[in-house]
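Heads up: the structure comes next, in structure tokens.
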Amino acid sequence: MATISLSWSASNGVSSAFSLSPQRRRKFFTGKQPHLTGYAPKIHRLAVSCNHGQDRKHASENVGNSPGKLDRRNVLLGMGGLYGAANLVPSDSPAMATPTSSPDISKCTRGTNLNTRKPLDVDCCPPVSTNIIDYKLPPVEKMRFRPAAQLAGKEYYDKFEKAIALMKALPADDPRSFMQQANVHCAYCNLTYEQAGDPKQKLQIHNCWHFFPWHRWYLYFYERILGKLIGDPTFGLPFWNWDHPDGMVMPGPFANKDSPLYDARRNQAHLPPALLDLAYSAKSPRKQNKIVSNNLTVMYGEMVRNVKKLDDFYGAKYVTGTAPNPGPGSVERGSHIAAHGWTGEATPSGEDMGNFYSTGRDAIFYAHHTNVDRLWTIWRGLRGTKPKDYTEADWLDANYLFYDENAQLVRVTVKDTLDNEKMGYVYQEVDLPWLNNRPTPRVKKSKVAETSGAPAADTVFPVKLDKVVKVLVTRPKKSRSKKDKEREEELLVIEGIEVDTAKFVRFDVFVNDEDDKPDELDKAEFAGSFSQVPHKNSINVKTKIRLGLTELLEDLDVEDDEKLLVSLVPKDGGEETSIGGIKIIYA
Ligand code: C2O
């Protein structure tokens, strides 16, 4: 179990505007998980350590998989030389590794679909300003309070709805208006900006280590714009508390057709009381009665089991010259993507929430990402004395541009995002029912790897994921001691995942699974998943995921085994996805 250094402070009287509406008190089970406590607003305070350790070896492993690099280059050249010669220089060579800098927004282009070569039918470029100020975090005078969406009462929603309505009423060219704010997300994810130091590469802040800090800044200004519009400097965004059973439905006010929080472009089958599936698959929905239990196991995996190393939480390194999507972190590729896909329209393109160009047009996006941001705060708190952040300038000095609440264009850096209290906001405290939810195995000491007759991994890849793929993967080390395990995490690396970013994709990964019950993710055999929502700007990328094995192998009691049976189970978009290889590494 991870060392927990949480300290809780009681309500500091920040607000009395929160009450629990009775319908939100639905209980989905009566079992071992604690129910939500603390209905009075409390602040989630997490101990912050100054011990920013090193995780460099690991970080360089992540981007330095040179065979993969060559592959990618060949693939890109094979796409008709769309990428120039600059791409021939390995993007992670130390000499040119510099943090990504703010894009030149005057060079924003609508972009072309790189597969069809047709211009995109969406233009999300921002108003241009040449007056850019380096943003300094203002001293915190009043703390903003971010409540759980299912606990915030009428008084809170009256304010929130008023603020969103005022934002929608701003002139269309005001960078703070609802649509301009939605376009901020579109522009940073739809390959509309050149990278500042490498015009051959486009900027993409998803599927890499920019995911958490970039979205934190996005919400920060969004919240300040809303607060300014209603004259309330303590206004905080609500968080959609989908990691708790009480929050696993769409929060009521967002589903009210008369509310400015409503968006018609949602999956109509997923309005309350439908349960949000954090392992959502459009093609093969899971059994309703498994969802809560699956969800809590998914959260445990993303927040505890799979994230011993920084890269596996934050996502892979991305610096000037890096091609899009080097690899997403656990929350990004899992629960986060699931909630996007589940909420958006039941169409292949999934607007609004289920497509990255349009997702900011649904007000629920901001409640969704506020929860993602809260999970970042919680994860840092759970780290205790372990490193919480990269110490590399390549991460800390990376910077982005946003319009602030005064419509001033500002340049902000990653290093200013590490402490949410310094940024002037805190989270309501709610229970974390996933925290000790370590799954049990279906079968202990399974012999399935010996008896399955599955082929060895190195004879199978690359392979198309149009059916379940089962392979035997050899462990370079076995019977590791407790010390070994503390020193190095054992990781299953699934690499060369080649996907078209315009498609919804999901596949699940199981280890030594005898029963083939792909609906049941609440057992130790479930190792994790890959998923993505579509982007307007379609491009083929090669990406990878890494899944922690140390705890899983303990749970299954197979530490002494030399081979593991790994099953890749496609749920969506498998026919168009291929996998380059699987290996086990120690980092
Ligand atoms: Cu910028 Cu949830 O995506």
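Easy rule for this one: first residue shown is 1, then count along the chain.
Using the three backbone atoms N, Cα and C, a Cβ is placed for every residue, glycine included.
Automatic, uncurated: that is what TrEMBL annotation is.
According to TrEMBL, the protein carries these features:
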- HIS185, HIS206, HIS215: Cu cation A binding site (BINDING)
- HIS336, HIS340, HIS369: Cu cation B binding site (BINDING)
- CYS108-CYS125: disulfide bond (DISULFID)
- CYS124-CYS186: disulfide bond (DISULFID)
- 206-223: domain 'Tyrosinase copper-binding' (DOMAIN)
Check: same-chain CB within 8 A of Cu cation B site center, minus HIS336, HIS340, HIS369: GLU332, ILE337, ALA339, THR359, PHE365, HIS368, VAL372
Residues of the domain 'Tyrosinase copper-binding' (206-223) by DSSP state, where helix covers H, G and I: 13 helix, 0 strand, 5 coil
Those recorded positions of CYS186, HIS215, HIS336, HIS340 having Cα within 10 angstroms of CYS125 (disulfide bond): CYS186
Cα-Cα distance linking HIS369 (Cu cation B binding site) and CYS108 (disulfide bond), given in Å to the nearest integer: 25
Rounded inter-Cα distance in Å - HIS336 (Cu cation B binding site), HIS206 (Cu cation A binding site): 12
Cβ atoms near CYS124 (disulfide bond) (within 10 Å, other residues, all chains): 24
CYS125 (disulfide bond): secondary structure state under DSSP, collapsed to three categories: coil
Inter-residue C-alpha distance, HIS206 (Cu cation A binding site) and CYS186 (disulfide bond) (nearest angstrom): 11
Helix, strand or coil at HIS340 (Cu cation B binding site) [DSSP, three-state]: helix
Alpha-carbon spacing, HIS340 (Cu cation B binding site) to HIS185 (Cu cation A binding site), which is rounded to whole Å: 14
Average model confidence [pLDDT] within the domain 'Tyrosinase copper-binding' (206-223): 98
Rounded to the nearest Å - Cα separation of HIS215 (Cu cation A binding site) and CYS124 (disulfide bond): 17
Same-chain residues at least 6 apart in sequence whose Cβ lies under 8 Å from HIS185 (Cu cation A binding site): TYR218, PHE356, THR359, GLY360, PHE365
CB-centroid shell, 8 A cutoff, Cu cation A site HIS185, HIS206, HIS215, site residues removed: TYR188, CYS189, ILE205, PHE211, TRP214, TYR218, PHE356, HIS369
Which same-chain residues, if any, lie at least 6 apart from HIS369 (Cu cation B binding site) yet have Cβ under 8 Å of it: HIS215, TYR218, LEU219
